[in-house]
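Below: one structure, written as structure tokens.
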């Protein structure tokens, strides 16, 4: 009819699923891709775990491990893209789990998925804050004369303040209108693409000597005297953790589908494009660092210029100081890397708040009425933002007493975040095909094999992040993730058994009469009765 405004395809699908449009739908494909890419980030996964992975088995398994992990990550990405195309909602993973699991198992599936994802995302903010503080610590140390020249190495209390400070800044920025976040994430994308290109090209050129290809691609060397691990197979498994930790976060595009134009098409594109970009750039970054190593054993020496605290910083210092006798170039590139952590933390805070908001909207969080409030002016879930920031700050408090905080936080983040992927993917794999209402992106007969490989890979990933990372096991090197996760998931499971199962029914409609053309079928109504 003349004069009618055509409804966005993503909004139309949202209405069919029983939700009204509350958030502002103005994100373009490029903006959504920028946020998704910023959540994965080029540097933030590789940089903090590069040194430990390199030490386990040397360069070969680190370099080829990225290729192996990338291969399996594509299966997870394709499975999630298909589901995202069918269910373009802010609740994303836990909404998918509820609808795909059916009316009987849907509430439990969405409950498990939502809490896994919330825990993973909040811990994900912590990983960015911790590693960002670690890079900032290295910058301060090099700027004040290096470890050998009496430079300032930040004490624990100051490191914690930097950690909390970053978390606070991200929360403040996420309180403003979505356009501000989208603009900063556009900067983030170009920051990482341009900065990553500069580092990948400049670092090997600046280094006075570079390692031969035979060393980078074939050298395998365990370090039992440092790690306590004598099994080559076990050491190889641990060396892949850097790749497994780096290659997730692409679901950020799904969290923003209620704010994205044409989300049923653009959501899947953003997910797969993010994986493609990070796969190529990530491998190039690993190669640049590895080719530029000057002295392998010196990287881990506590008496070196960076106090043995951050291997990538030492590689940068060795390259620039060896060529120019100055650390200025290393400091500049470290600042580029720090910017990546800053933007990554900002994006993950955005995603975490959206998950908490969506779960609160369906009354799945204590005091839900508080956390589901949308700022009347900026139209963002501001209360959910600050809840995530506060939880993240509490997660960092053990920095004052123990040295393995980052190991625990990364394990919690990976298991929670990636574990949340497994629930809807498994439900999609076992459901009847005639009960699935596909969107524009549809795998057809390939769907079940893709989902099976994706699910098994996720199970493997979650398992290895629970393993001890050093031997003999002591209070100083123990992986506390199983204890922390066991306590959290145990309480959440107990809450479900004793109380939540009686009233939590999964995603709750906020439209009384959804559109007739597609709404109301058996799949869409699963888990929606209150």
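Glycine too: its Cβ is placed from the backbone N, Cα and C atoms.
Annotated transmembrane segment per TrEMBL: 29-51, 63-81, 93-116, 157-183, 189-207, 269-293, 330-359, 380-402, 408-430, 450-473, 479-498, in sequence order.
Beyond its flanks by at least six residues, the transmembrane segment (450-473) meets 52, 72-73, 75-76, 78-79, 227-229, 237-238, 240-241, 244, 407, 410-411, 414-415, 418-419, 421-422, 425-426, 428-429, 443, 479, 481-482, 485 of its own chain at Cβ-Cβ distances under 8 Å. With respect to Cβ pairs under 8 Å, the transmembrane segment (380-402) is most closely packed against 157-183, considering the stretches 63-81, 93-116, 157-183, 189-207, 479-498. Highest Cβ pair count under 8 Å relative to the transmembrane segment (63-81), across stretches 93-116, 189-207, 269-293, 330-359, 408-430: 269-293. Under the criterion of 3 or more C-beta pairs below 8 Å, with sequence separation of 6 or more, the transmembrane segment (189-207) and the transmembrane segment (157-183) do not qualify as touching, having fewer than 3 such pairs.
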